[in-house]
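K.L.:
Quick one: structure below, then a few questions.
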Amino acid sequence: MPKSPFLLEAQARGLIFQCTDLDALDEAMLAGPITAYVGFDPTADSLHVGNALTIMALRLLQKHGHRPIALMGGGTAKIGDPSFRDEARSLITNETIAHNIAGIEKSLRQFITFSDEDPSSGAILANNADWLDKLSYINLLQDVGVHFSVSRMLGFDSVRQRLEREQGLTFLEFNYSILQSYDFRELNRRHGAVLQMGGSDQWGNIVSGIDLTRRTDGKQIFGLTTPLVTTSSGAKMGKSAKGATWVRPEKLPVFEYWQFWRNTEDADVGRFLKFFTDLPVEECERLGALEGSEINEAKKILATEATAICHGRGAAEEAAETARRVFEQGSAQAALPEIDLPANLIAEGLPAFRVFQEAGLAASGGEARRLIRGGGGRVNDVVVSDENQTFTLDDLRDGVLKVSYGKKKHILLRPV
């Protein structure tokens, strides 16, 4: 059992999947503040909920007095991380990379404090293009390449799976692990970083950086990975029919972000409260153990607390109040027409186009499909983009589905 506050709380929250030497890292953290980093791939101009666990790990690290580094992959983005991908990433331009880095920095500022706000312990924003763009290929081979075993690299799960599926791996992508390892050593030299954190898919790359630094500099550094987050039904975290659940309000309205967390499956509530909120672990466990209608209150707390971290307390409470007005017996809902729906229809799973038919917002299946394709259809205030997306009793909010078309047509479907 670790003794340092960060590792103690990280373990209690379930944030630790693997760690290279937990006892030695614990000793280092007990001795004083350390510097740790997480890398971010600038392939989009916002982070999303799929990145949230490593962001929360950085946030927790900073809470306990350690300094985070947010490393932008401005150099490695020109190659692309092949980890567990079916095909090579499309190469992106320098202009797009710069735009995306600015957006990711804005995303991170919603969660952690940077050095321009707190010089003593604020996060450092680094960009690996600052050193990778200046590398000489011959020098890289002499300095770094000599320490890498091709047979070992072929054994990385991310590489092996691509090769086993006979999808190929370019030499460009194969070099990604070498450059990420170089990053760890460089951040150790420049900023004293002794810990790299990342998702479980980054384990091989992290260990390679530790090994390189030990071989060339004789230093002990550490790696820690967070678990892969899936829902209890096996769905990948942060993905929906609409795509990624973005953290920037310019990419996704705050209310929809709140709704994402409100729609958490019952079995995931306790786990997600520990992962994605600052509530005490004991409170997370108490809320997660609630059953029946009480679990819905826990989901609202999860939604409000997770949204408050990302968008601020005021915006989170405004989203919660909007939801209360719409879904609970308040003035907004009382004014909406209600249609009874045979419960057996939705219990078996009702396709989205049928939902709009049953609500009377479309006269036929074809019209309903066209309505959805046009982007004007919403269920529970979330845009429906897949006409065959199914809705079940689990999607009810206080006993109803709110079905909307445009800004003024709203119907409540109540299974009976």
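Here the Cβ of each residue, glycine as well, is placed from N, Cα and C on the backbone.
Fair warning: this is a prediction, and the values are worked out from it, not measured in the lab.
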K.L.:
Select from 42-51, 82-91, 242-251, 322-331 the stretch of residues annotated by Swiss-Prot as motif ''HIGH' region'.
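P.N.:
Checked against Swiss-Prot: motif ''HIGH' region' maps to 42-51.
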K.L.:
From the ranges 1-5, 211-215, 236-240, 261-265, grab the one Swiss-Prot calls motif ''KMSKS' region'.
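P.N.:
It is 236-240 that Swiss-Prot annotates as motif ''KMSKS' region'.
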K.L.:
Find, among the binding-site residues listed as TYR176, GLN180, the one whose Cβ has the highest number of other Cβ atoms within 10 Å in the structure shown.
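P.N.:
That would be GLN180, with the highest Cβ count within 10 Å.
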K.L.:
In sequence order, what residues of the same chain, 6+ apart, have a Cβ less than 8 Å from the Cβ of TYR37 (L-tyrosine binding site)?
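P.N.:
Spatial neighbours, sequence-distant, of TYR37 (L-tyrosine binding site): PRO68, ILE69, ALA70, LEU71, ALA126, LEU187, ALA193, LEU195, GLN196, MET197.
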K.L.:
Hey, does DSSP put TYR37 (L-tyrosine binding site) in a helix, a strand, or just coil?
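P.N.:
Where TYR37 (L-tyrosine binding site) sits, the three-state DSSP reduction gives strand.
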K.L.:
Helix, strand, coil: count each for the residues of the motif ''HIGH' region' (42-51), based on DSSP.
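P.N.:
Per-class counts: 3 helix, 1 strand, 6 coil.
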K.L.:
In whole Å, could you give the widest CA to CA gap in the L-tyrosine site formed by TYR37, TYR176, GLN180?
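P.N.:
Maximum Cα-Cα distance: 18 Å.
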